[in-house]
Structure formats: structure tokens, C-alpha cells
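J.: Not my notes, these are from TrEMBL:
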type	residues	note
BINDING	D32, K37, T87, T123, E154, K265, R332	NAD(+) binding site
BINDING	F151, L152, R153, E154, K206, F251, L252, Q253, A254, G255, G259, K325	substrate binding site
ACT_SITE	C262	active site, nucleophile
DOMAIN	318-419	domain 'UDP-glucose/GDP-mannose dehydrogenase C-terminal'
Amino acid sequence: MALKLSVVGCGYLGATHAACMSSLGFEVIGVDTDPEKIAMLSKGELPFYEPGLDTLLASEIKTGRLTFTTDFSAVADADVHFICVGTPQSKDGLAADLTYVKSAVQGIAPHLKKGSLVVGKSTVPVGTAQGLREQLAQSAPQADLAWNPEFLREGFAVEDTLTPNRLVVGVANDRAEEILKEVYKPIIDLGTPWIRADLPTSELVKVAANSFLATKISFINAMAEVCEAAGGDVTVLAKAIGYDPRIGNRFLQAGIGFGGGCLPKDIRAFMARAEELGAKQALEFLREIDAINLRARQRVIDVVRAELTDDLTSYKIAVLGAAFKPDSDDVRDSPALDIAAQLQAAGASVVVHDPKAIENARKRFPKLGFAANVQECVKDSDLILHLTEWREYRELDPNALAALVKKKIVIDGRNALDRDKWRSAGWKFHALGRSD
Ligand code: UDX
């Protein structure tokens, strides 16, 4: 008999996981407490933007294998339950807020059938899985718990779920591993590396990976600061060091730094947890990684002030990009939107454009100006800020834009625009980490 699956929490991670598991042929029930989200998903409509997931979701709903509900008791039939709820930064500190994870496990506990396996996918502080497993031993001794961290990137969610570069499972016994091997058989058969770990190591793998990625980005942004001071060019530096395979050229794009729903909160929660464990010193460097990252935003604002004046009240600034990265409508901890809001708070008139994220950006900062297209955004502006590297911005014609603006000044916060092309169209061009 084929295994039946449930997915608890149908946000970014859960909706993706549910649709992808259904596409592997499993019967999947998705559960979430948000009735609006469930209504949309049930119709095959995605509540956020993710390339390829919209069509996959719609086609899986049509097969009848994939259903969604707000009723937790609907998981009773399932053999494996994936916990995919959020673990945001808590309101009063750096630590992760585990409310949703705990209530998800409590919510399904009364409905778990004999021999079923609860599998956490959410990013949690090390030790959480062991604690939940002990709780479950009290409330639902017929079930077991494992951890299976998720490494999906927004913009590549389907690809990263169906063809991940590794599968990591944290298990306390062979049976849990066997069940997970059955679920992931089609992916394992592709040759995907399979890593069995204990519960704490599996939790640590996720935060270690994200800390490493954050460190790489902040490293190159620190080099950008030095390049600016010394008259160097960080884009050339990154290319040159990236040829060393031990370093590699990925995640060395200097600019306004990392944002999104994962890297910033994960490194903070990791620091908080290390401190609780008495290993504070080991992760002190992450404080610096965070500081370098936030400083990049300030550096852009400094260039704006240097180009215009300290008093920004009489200037119109056009901001290209609101999402935390291209191919996403996610504005959580978006460096682009933070810079836009800070400039507006400093008195500038700020108009933001983004191909996908305007609606989310408006919800977060309703007082910012928004434009439906680039032309309207830059019209009569004194300065253009390029803050999210969407392809359509790289393809802009600087000659055509020159006719629309008041002043031809552009700051490339992502080192993605063609500097020569903009300069030959008469623009004053600045980029982070490039002193020339
Ligand atoms: C990240 C991890 O990559 C993923 O494995 C994990 O599961 C969740 O967190 P995601 O948040 O989707 O994924 O974004 P990612 O592609 O890692 O980018 C994060 C941020 O870093 C973005 O704001 C991006 O603009 C920035 N970034 C990335 C840089 O500033 N420079 C780079 O070279 C790469």
C-alpha cells in the first residue's frame, strides 16, 4: 500500500512540498489554520509567486491526489506527516519563535495512527526535535518523530524539492529512516546523496548551511568596503578569487546584502541557541556577519546623500526592486525595501517599482510611492537606485530612460547593471564596492 502523506503548514515550504510529493504519486493532504490560504490552494491557486509551482499545483489538484483543509483531524489517514510551519524571529529577541511548530505537533497528535511518523522540515534551534519527540512519546506514543531539513531557495522551490543536491534525515532509529527512504525513493533513485544523521545534527546542518551562505555574502561585502576605501573593484576581485575551486564563484555577488525569510533570522536564532548551550563564543562571528550585512544598506544611503544632499526633502528617488531577491514576490527583511523606507523616512519622495512584489511591499509600507512600470517610476527622478536584480532591469535602455529623468544618476546596489552601457548614455554610475 502506498504511503499517504500530510503536510502541516501550507506556506512557502508546505505548499511546495505538498505539490511536489503529490507529483511523485502520493496522496497528500495539506493542513493550515488560515482559511483564505486553504481556499486558494484548494482551487489550485498559489497565494504567492513562485515560478513553476503555480502550474504544478493546478495540475496536481486536478489529479485528485492533492487536497487541502483547515481540519486537523483530516490527517488521521496519513502515515507520514511533514511539519512545514514557520519559525520567525521572536518579537522580543534573536531567538526563533517555536509557537507554530509546537501547536502543529499538538494539533495532529490526537489524530496520529499507529506506526505513523511525524517529520519536521521547519528550521528549528538544535534540541527542538528531541524535545518534541519526548512530548510525542507522552501524547501519542503510537507515533515517532524525525527531522528532515529543507534547503529550498525561493525562485527554485520546485527544482530544489524534486532534485535537491542532498537529502538529510535526522532519525532516532532504522524504521524512521526506512519510511523516509520509501517517501523519497524517486529522488534517491536519481542518485541524490542521502545523509542519515541523529536529530541534533540534522537540525544543525540547516543552520550551518545558511550561516555559511550568509558568511560568504558578508565576506564579499566586507571586501567591497575595503575596495571602496582602497580604490579597488570588488566585482573583479570576486571573479578572480572565485576561480579557486576551494572558494567557488557562487554567493560572491557584492551589493546590499542578504534578506528574506531565512538567512537573517536563521543566523540570529543560531547565535541565541549557541548562547543557551554555552557555546556563545563559537558563533560570535555571526554578529559581525549580521552587522556587515546591515551596513551595506547604510552605505547605499550614504552614496545617495553624497550625490544629492544630506537634506533629501526636495528629491524624488526611483527605486527599482522591492523583493529580497529576483524571481520572488517576498519582501520579508528585504534590503531593497528597507533602503526605500529609510530614504522616505529621511524626507525623500520615494517611488518603488517591482515586477512581482508591489502588492506585498505596499502592505508592509503603505506610505511609500509605487509605480506600475519603470517609466512611471523614474519619471522626473533625481536618482535611480537599482536594488533587486530582476532581468528586466538589466535589459533597460539607459538612453531611453535618460529622457525621462531630472538627473542622470544611478546607483547599482546589486552590481548587475552594465556600467559601460549606462555611462556611455551619459549617466553618472555608482556601484557598491567599485570605487571607479
Ligand atoms: C536561502 C538558502 O539559500 C536556502 O538553501 C534555504 O533553504 C533558505 O534560505 P533564499 O532565502 O530563497 O534561500 O535566498 P538565497 O538565494 O539564499 O538568497 C538570500 C539573500 O542573499 C537574497 O537577499 C540575495 O539577494 C542575497 N545574495 C545572494 C547576495 O546578496 N549575494 C549573493 O551572492 C547571493
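Glycine too: its Cβ is placed from the backbone N, Cα and C atoms.
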J.: Between T123 (NAD(+) binding site) and F151 (substrate binding site), how far is it from one CA atom to the other, in Å?
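T.: With distance taken Cα to Cα, F151 (substrate binding site) is 10 Å from T123 (NAD(+) binding site).
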J.: Running a distance check here. Ligand 1 versus the binding-site residues D32, T123, R153, K206, R332: which have CB less than 6 Å from one of its atoms?
T.: R153
J.: To the nearest whole angstrom, state the Cα distance for the pair K265 (NAD(+) binding site) and L252 (substrate binding site).
T.: 20
J.: Would you count the other CB atoms within 10 A of the CB of K265 (NAD(+) binding site), including those on all shown protein chains?
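T.: Within a 10 Å radius of the Cβ of K265 (NAD(+) binding site) lie 23 other Cβ atoms.
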J.: How long is the line from the C-alpha of E154 (NAD(+) binding site) to the C-alpha of A254 (substrate binding site), rounded to the nearest angstrom?
T.: 19
J.: Return the count of C-beta atoms lying within 10 angstroms of the C-beta of F151 (substrate binding site), excluding that atom itself.
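T.: I count 18 other Cβ atoms within 10 Å of it.
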J.: For the binding-site residues R153, K206, R332, which Cβ has the most other Cβ atoms within 10 Å, all shown protein chains included?
T.: K206
J.: Which of the binding-site residues K37, F151, A254 has its Cα nearest to the Cα of C262 (active site, nucleophile)?
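T.: So, spelling it out, the nearest of the binding-site residues is F151.
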J.: Among all protein chains shown, how many Cβ atoms are found within 10 Å of the Cβ of G259 (substrate binding site), not counting that one?
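T.: Excluding its own Cβ, G259 (substrate binding site) sees 23 Cβ atoms within 10 Å.
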J.: Whole-number Å distance between the CA of T87 (NAD(+) binding site) and the CA of F151 (substrate binding site)?
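T.: For T87 (NAD(+) binding site) versus F151 (substrate binding site), the Cα atoms are 15 Å apart.
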J.: Under DSSP, is K206 (substrate binding site) helix, strand or coil?
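T.: DSSP call for K206 (substrate binding site): helix.
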J.: For the domain 'UDP-glucose/GDP-mannose dehydrogenase C-terminal' (318-419), jot down how many residues DSSP puts in helix, in strand and in coil.
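T.: Helix, strand, coil within the domain 'UDP-glucose/GDP-mannose dehydrogenase C-terminal' (318-419): 33 helix, 18 strand, 51 coil.
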J.: Can you tell me which of the binding-site residues D32, K37, R332 is spatially closest to L252 (substrate binding site)? Compare CA atoms only.
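T.: Result for L252 (substrate binding site): the nearest of the binding-site residues is R332.
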